[in-house]
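Per Swiss-Prot, these features apply:
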- 10-30: transmembrane segment (TRANSMEM)
- 40-60: transmembrane segment (TRANSMEM)
- 68-88: transmembrane segment (TRANSMEM)
- 99-119: transmembrane segment (TRANSMEM)
- 152-172: transmembrane segment (TRANSMEM)
- 173-193: transmembrane segment (TRANSMEM)
- 204-224: transmembrane segment (TRANSMEM)
- 252-272: transmembrane segment (TRANSMEM)
- 291-311: transmembrane segment (TRANSMEM)
- 320-340: transmembrane segment (TRANSMEM)
- 361-381: transmembrane segment (TRANSMEM)
- 384-404: transmembrane segment (TRANSMEM)
Amino acid sequence: MHGKLLPLAGLYLVQGLPYGLQSSLLPILLRARGLSLTRVGLTKGLYAPWLLKLAWAPLVDRRGTPRVWLTLSTLSLGLVCGLLAVLPPPQAGQTGLPTTVMGLLLLLNLGAAVQDVALDTLAVQLLEPKELGPGNTVQVVAYKLGSALAGGGLLVLFPTLSWPLLFLLLAATYWLAAALAWAAPALGRLPWPQASEHTPHSSYLLQDLLAVPGTLWTAGFVLTYKLGEQGAGSLFPLLLLDHGASASDLGLWSGLGAVTCSIAGSSLGGALLARHWQPLKLLKTVLQLRLGSLACQTALLFHLNSPGASVDPGTVMRGAVLLSLCLQQFFGGVVTTATFTVMMHCSQLAPRALQATHYSFLATLELLGKLLLGTLAGVLADSLGPHLCFAVFLVLSALPVLDLRLAPSNLT
């Protein structure tokens, strides 16, 4: 099993780099340069290629092997990072990202989205049912580690690490990962698709996807389970910045510290699943804990507006805020690992020729749910105010707890 998990870990790690770059590093840098919460939030529209994965998932199902797709897409990611290295960084006083930088970041997301389809195809085909728990733990932990390194890690180093050196470092990482994708023995053993296995070209593809047992419920769950968490997670660090926290502090708190807790949560989730915990039972417990944690974070936000409240070093509020960030990420990590295990189990119920497309369909809905609130959180905060906005997030976080009562028996 280690021969399968090690290359998966390396490839999922580099897959998390663009997400960390755009979810942690760029928003804080842009907010520190004076952009509104709305403008900062709307930069997440650069994730749009991830929502179009179904456009090329059937092609990955029918043409070539995961190793070929992984190698080519990862090489292209290194090339885009090399081009970003020669461009100047965003400057103070700019109203947004330069058009050229936005275009290259869009290409970066396109390459990462193609890589994601190929990598998920490999995982669905490579892992046995008993390996789903450890496999999804590796997937989530490695992805979050890559996100933390590209987000919080680079944010801490950014005052001393130049923009060109940052992207040259990322380019070298991608090219090493491309070599891993090509050389890993486990990836070369997967067979080329046979003609009889091809996904049919028909207008009934969506009908075929929804006909897979458990798909309707899983699709609804993954679309909603992160709405409240993602909205709060996107907005809370920016509000802390407005209350006096520095960008380097937030790099440590919401980048490295909180993501470390998220990785710990994902690891715990994987360990519990490996000990034969049912994913849906685990979700029921942890979703309730996550809801309570978000309620505490909302109370902290209200207290921050009271006279004398501060997140200065040595204050109780600073410790409470840090604990709040860590708890949300920890519970979110457990929830993510269990949810991805449910998704992969559901996709394995599909015919082999449809598995990559089916998993991409679920993963696209999962990402859409996260992007929806991550992108609109700033707009909601500017229009409703942060307090009412967090009340909405609490209601949204309660929805998946209720949704679990409708889960089909074939996913338990």
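Numbering starts at 1 and runs along the chain as it is shown here.
Cβ atoms are placed via backbone N, Cα and C, with glycine included.
With respect to Cβ pairs under 8 Å, the transmembrane segment (252-272) is most closely packed against 152-172, considering the stretches 10-30, 40-60, 152-172, 204-224, 291-311.
Beyond the transmembrane segment (68-88), the same-chain residues lying 6 or more positions past its ends with a Cβ under 8 Å from any Cβ of the stretch are 11, 14, 18, 60, 98, 100-101, 104-105, 107-108, 111-112, 114-115, 117-119, 121-122, 163-168, 170-175, 177-178, 181-182, 187. Here the transmembrane segment (99-119) lies next to the transmembrane segment (40-60) in space: the count of CB pairs under 8 Å, restricted to residues six or more apart, reaches at least 3.
Residues 228-229, 232, 236, 239-240, 243-245, 317-318, 320-321, 324-325, 327-328, 331, 386-387, 390-391, 393-394, 397-398, 401 of the same chain, all 6+ positions outside the transmembrane segment (291-311), place their C-beta atoms under 8 angstroms from a C-beta of that stretch. Stretch with the largest number of CB pairs closer than 8 A to the transmembrane segment (10-30), among 40-60, 204-224, 320-340: 40-60.
When Cβ-Cβ distances below 8 Å are used as the criterion, the transmembrane segment (320-340) is approached by residues 136-137, 139-140, 144, 221-222, 225-226, 229, 232-233, 236-237, 240, 253-254, 257-259, 261-270, 272-273, 279-280, 282-283, 286-287, 289-290, 293-294, 296-297, 300, 311, 366 of the same chain, each at least six residues removed from its ends.
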